[in-house]
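What Swiss-Prot says about this one:
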- H160: active site, proton acceptor (ACT_SITE)
- D362: active site, proton acceptor (ACT_SITE)
Amino acid sequence: MAPQMEKVSEELILPSSPTPQSLKCYKISHLDQLLLTCHIPFILFYPNPLDSNLDPAQTSQHLKQSLSKVLTHFYPLAGRINVNSSVDCNDSGVPFVEARVQAQLSQAIQNVVELEKLDQYLPSAAYPGGKIEVNEDVPLAVKISFFECGGTAIGVNLSHKIADVLSLATFLNAWTATCRGETEIVLPNFDLAARHFPPVDNTPSPELVPDENVVMKRFVFDKEKIGALRAQASSASEEKNFSRVQLVVAYIWKHVIDVTRAKYGAKNKFVVVQAVNLRSRMNPPLPHYAMGNIATLLFAAVDAEWDKDFPDLIGPLRTSLEKTEDDHNHELLKGMTCLYELEPQELLSFTSWCRLGFYDLDFGWGKPLSACTTTFPKRNAALLMDTRSGDGVEAWLPMAEDEMAMLPVELLSLVDSDFSK
């Protein structure tokens, strides 16, 4: 049972300085236009800082003031999105919700079997089809929840229409640094995305249509499990330098293929799609603080007859990453078209949030106990995150409920509902 929560207040946080007239209209890029209309949900859980004298009211006020300051630099986030074309940077403000949770932090996060219970720590729904209406024109919303023990949860919804996860990391790093009182922060660049990928008039905005009967599980691959997978892959190949993400994706892909073959038979190729950051792949490279959806989709595939173990899948994954394409707009368009044409059971897509430093986000009262997302309503769309120790991988995997039950025990044994570890 989810902890009882009481909403205390909601207000709009405005930038501390008005946005100049010259910056009132922010044109989104063509890559932004091709992205789904939804939000990136992200939650940070913090234990009670033993050396802090701040009460909830002071903490909330401190967060609001620092958010107001940082919004001066991230001014589109305080505006309102015009349908698939631009952001009206009118300083309408960021919704900021404050709530009280009638539970200890440890009680709330030690046994989260149903991951949708995490949704209550978000300011609003991240995806359409839920019980709460999605505010599609609001770029950013924030919620802080105070537990009885003094712990906190900070939930953020950032519109995927104007930002990718690296943009989220850039914003959160700037906000936490400002909250700590630092005067030098990494300033965002909102010009580069549209300059390199100019918007195209009348581009339709893809809608996210939730799948039915989808269940999501959080699989935790700790250091020991990663080591075992690496040893198995090394024994089957002369290559030894496998990344954590490659090992986990190949391992999951192999079992998804097995489930698909058992349920549907082998008809077409099995495809994996990975979202890849373009900033470092551009010529010249773009800085990491360039805001927007500066990413593309890369594909790897094996024939329907493929029937080997997971190390054999690492090669196709690596080969797809080595591909280069000058026309990234065309590359992404081709990828989006392919996504719509494939049958869901033939496809595994994944995004990696690893190595983005989310466990270093310190508002001034210490690092988080847990950094997580929440459920996603599309089957076979995996999200990978670092474990708190930094040497493991969390795989958040949504599947059709009956297909999830068909996964082998060796994979299902990695399901972990304890977010306090």
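Each Cβ is built from the backbone N, Cα and C atoms, and glycine gets one as well.
Between the C-alpha atoms of D362 (active site, proton acceptor) and H160 (active site, proton acceptor), the distance comes to 24 Å. Every protein chain shown contributes to the tally, and the Cβ of H160 (active site, proton acceptor) ends up with 22 other Cβ atoms within 10 Å. Take the CB of D362 (active site, proton acceptor) and look out to 10 A: across all protein chains shown you find 14 other CB atoms.
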